[in-house]
Amino acid sequence: MSPVSEEPLLLAELKPGRPQQFDWKSSCETWSVAFSPDGSWFAWSQGHCIVKLIPWPLEEQFIPKGFEAKSRSSKNDTKGRGSPKEKTLDCGQIVWGLAFSPWSSPPSRKLWARHHPQVPDISCLILATGLNDGQIKIWEVQTGLLLLNLSGHQDVVRDLSFTPSGSLILVSASRDKTLRIWDLNKHGKQIQVLSGHLQWVYCCSISPDCSMLCSAAGEKSVFLWSMRSYTLIRKLEGHQSSVVSCDFSPDSALLVTASYDTNVIMWDPYTGERLRLLQ
């Protein structure tokens with residue numbers, strides 16, 4: 001066995017290197033984790049209806065001994081800046097889905113100003129949490145304040161995805177077999193319900209160019225929707241079991257899906273052609 005000091009830095013950071021009073025052991029399943037788009041925060045659903053928000057990278061005092069010299073941030077970087085603190089969000093229900101908004105978008109500043117008129121117009125990073133009872137709670141990351149409570153789904157909200165453009169359009173995927181589109185700039189107004197799946201919707205992903213939405217569900221198929229008209233573009237078939245994960249390439253040219261059939265399929269989302277099967 002290698003000594004702790006020889007472990008890779010990233011592995012050491014992910015291990016409980018923080019003071020014991022910050023080390024909660026939930027003894028419960030963790031269903032979702034997420035990094036903010038700018039890499040400044042890490043969120044995880046810790047069980048017992050709790051989400052932990054952790055500033056990232058970890059501050060130097062939380063890095064295990066032997067790694068100080070290898071830390072990615074110097075002491076001068078972290079001192080005197082009012083470093084953000086770890087936060088605990090009590091969501092009131094088991095948390096299944098997590099999604100951060102894009103950072104520093106003008107619409108997010110408007111949302112912050114509308115709910116906090118006494119506070120100057122500042123940047124606002126948002127975390128959306130999908131809950132066991134079908135609700136979605138929207139939080140302001142820097143303060144941990146609850147901004148909005150979105151209701152509409154009739155079952156577990158399994159996944160969430162913000163448009164990468166920063167428009168604060170949020171897509172939710174649920175066990176009620178629907179996807180719902182929300183506009184957080186309009187007080188969380190529900191602007192569309194997408195139906196068609198026959199079983200639980202496990203995952204949703206918006207293409208980086210914001211033109212398409214992919215949804216993966218239990219009936220072995222993948223749906224591609226237009227993010228402009230909110231209509232179904234095409235249905236992709238090829239998996240032999242529930243499709244539980246999907247994601248686009250950074251240039252939106254490829255779509256990858258994963259299934260309980262143990263296969264990963266790479267698609268051309270514009271033609272529906274199956275490009276490669278990974279087994």
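Using N, Cα and C of the backbone, Cβ positions are placed for all residues, glycine too.
What TrEMBL annotates here:
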REGION    69-88  region 'Disordered'
REPEAT    127-149  repeat 'WD'
REPEAT    150-185  repeat 'WD'
REPEAT    194-235  repeat 'WD'
REPEAT    236-277  repeat 'WD'
(message) At a C-beta cut-off of under 8 Å, are there same-chain residues at least 6 beyond the repeat 'WD' (236-277) that contact it? List them, or none.
(response) 199-200, 202-209, 211-212, 214-224
(message) Using Cβ atoms and a strict cutoff of less than 8 Å, what residues sit near the repeat 'WD' (194-235) while being 6 or more residues removed from its termini?
(response) 155, 158-165, 167, 169, 171-175, 177-181, 241-248, 250-252, 255, 257, 259, 267, 269, 272
